[in-house]
Amino acid sequence: MFPKVHAGMEMDDTNSGKSKGNAEKSLRILVDKMRRFPGLVWQTVWKVGRQDPRRVFHALKVGLSLTLVSLLYLIQPLYVGIGQNAIWAVMTVVVVLEFTAGATLCKGLNRGLGTLIAGSLAFFIEYVATKSGQTSRAIFIGAAVFLIGSAATYMRFFPYIRKNYDYGIVIFLLTFNLITVSSYRVDNVLKIAHERFYTIAIGCGICLLMSLLVFPNWSGEELHNSTVFKLEGLARAIEACVNEYFSDAEKEVSGDQSTEDPIYDGYKAVLDSKSMDETMALHASWEPRHSRHCYRFPWQRYVKLGNVLRHFGYTVVALHGCIRTEIQTPRSVRALFKDPSIRLAGEVSKGLRELASSIRNRRHCSPEILSDHLHEALQDLNTAIKSQPRLFLGANSNQATNMLALAAAHATQKQGVSLSSVKTDSSALLDWKNKRTTEQSKEPERKFLRPQVSKIAITSLEFSEALPFAAFASLLVETVAKLDNVITEVEELGRIACFKEYQHGVEDIVVTCEKPPVNPAQNQLPSHGAD
């Protein structure tokens, strides 16, 4: 006799085998990830340091600063003199020391002034409160905390104070309330406040020395270099955009914009730079005048130039969008306008690079930045467009209507409606509309235009072949108009900043690197709390 085997038992054995196989596969994947993890970590560490070696020096500066303030704890004589309040020096270094000298100065001076003013005012409140009785003292302290806290908070809404001294007011509120409220119960609050002020001053002093004297990174130089990089990025983006539009090879269009795309890399830094430019300009205004003239440098003009470049970047984004539209001009039609378009884009890129070189070398731009070649290329493009009127106007309106009727009839056949004949005049279009109305009355819930009908109708029109290129050419001409605004703003910056005059025959030595510039936003560490 043969043993009976149930179907359920066979299924259980199969499921358990599959589960065991999935577990082994997951375990192998986990082991493989753990084996590759050290290599990935090392690659990330090397990549971050290679992109900007200043990050390595900044990390070493922070480590050295923390070591120095830790000596207040580690050395016995210093610990006896300061006590446990030495922790405030460590917290000050962690919060205040930033990547650039301007950011460190802004935070350090705000923290020091906020602590000093709050301590002085708190001692004055305590001196007045001690002259009254115990009950009156509590009422006076509560009223002082309410009035000063409300006034200081309201001052934070002032644009100038919010822009320059917001962090200092937060430190002021924290220190004032700690000293004033704790003075009601603690007798030696004056000594505690003195020790805290000393430790904060020590921490701020170490941060300022490290930022200003040990491999300093200036916010002004960062803003200056980022402006040059944005001009060069726009120049690369325009050239790459026009070359790709007129290239002979088909390029697969993907939905997501990869960081490998040179066009996207060129204008991305411009579009994302508004808040970063304003922050770097603010920090640069705190930095010392280390130029030979020691005048106030117009950092806000860099912000205005960034706004003009951003509007220029919007046009480049629209040019990039013309490459990725659903309806494209045939390449045979594009070839008719290839030469003047490429020459025009090359002249615009050349002008942007000349502006970048003038800002890099702090000199006025060449008077021949808008050369005759630019106007010739613009005129040639205009002549080429005028020489092909049928591409943009079409043969006649009846032909366009007949093509729409053919497209509609073809779409109706796809939907299962039999047509004995397809007319090519306006009656065919009228018949199709009547049938369409009848179908909609039978199916009221389907009142939308079928996408295949609209797409066939649009692509069938003769003049629609040149419409995408007309949009592209219009945007390309718009870059010439926007270039004039950029030149005006750069010249105004050079006039206010006292750039040196342009000299004919003097070649500027420009050192370029193949790797892309580092985005200044990547060097900004997350902000800390007001500890």
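Any Cβ shown, glycine's included, is placed from N, Cα and C.
Features as listed in TrEMBL:
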- 1-21: region 'Disordered' (REGION)
- 56-75: transmembrane segment (TRANSMEM)
- 87-106: transmembrane segment (TRANSMEM)
- 113-130: transmembrane segment (TRANSMEM)
- 136-155: transmembrane segment (TRANSMEM)
- 167-185: transmembrane segment (TRANSMEM)
- 197-215: transmembrane segment (TRANSMEM)
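Long-range neighbours of the transmembrane segment (87-106) within the same chain, counting only residues 6 or more positions beyond its ends whose Cβ lies under 8 Å from a Cβ of the stretch, are 54-55, 58, 61-62, 65-66, 69-70, 72, 164, 167, 196, 199-200, 202-204, 206-208, 210-212, 216-220, 222, 280, 282-287, 523-525, 528-531.
Scored on C-beta pairs under 8 angstroms, the neighbour of the transmembrane segment (136-155) with the top count among 56-75, 113-130, 167-185, 197-215 is 167-185. Long-range contacts of the transmembrane segment (113-130) within its own chain (CB-CB distance under 8 A, at least 6 residues past either end) are made by residues 136-137, 140-141, 144, 148, 167-176, 179-180, 183, 189-190, 193, 196-197, 200.
Cβ atoms under 8 Å from those of the transmembrane segment (56-75) belong to residues 49, 82, 86, 89-90, 92-94, 97, 99, 199, 202-203, 206-207, 210-211, 214-215, 217 of the same chain, restricted to positions at least 6 beyond its ends.
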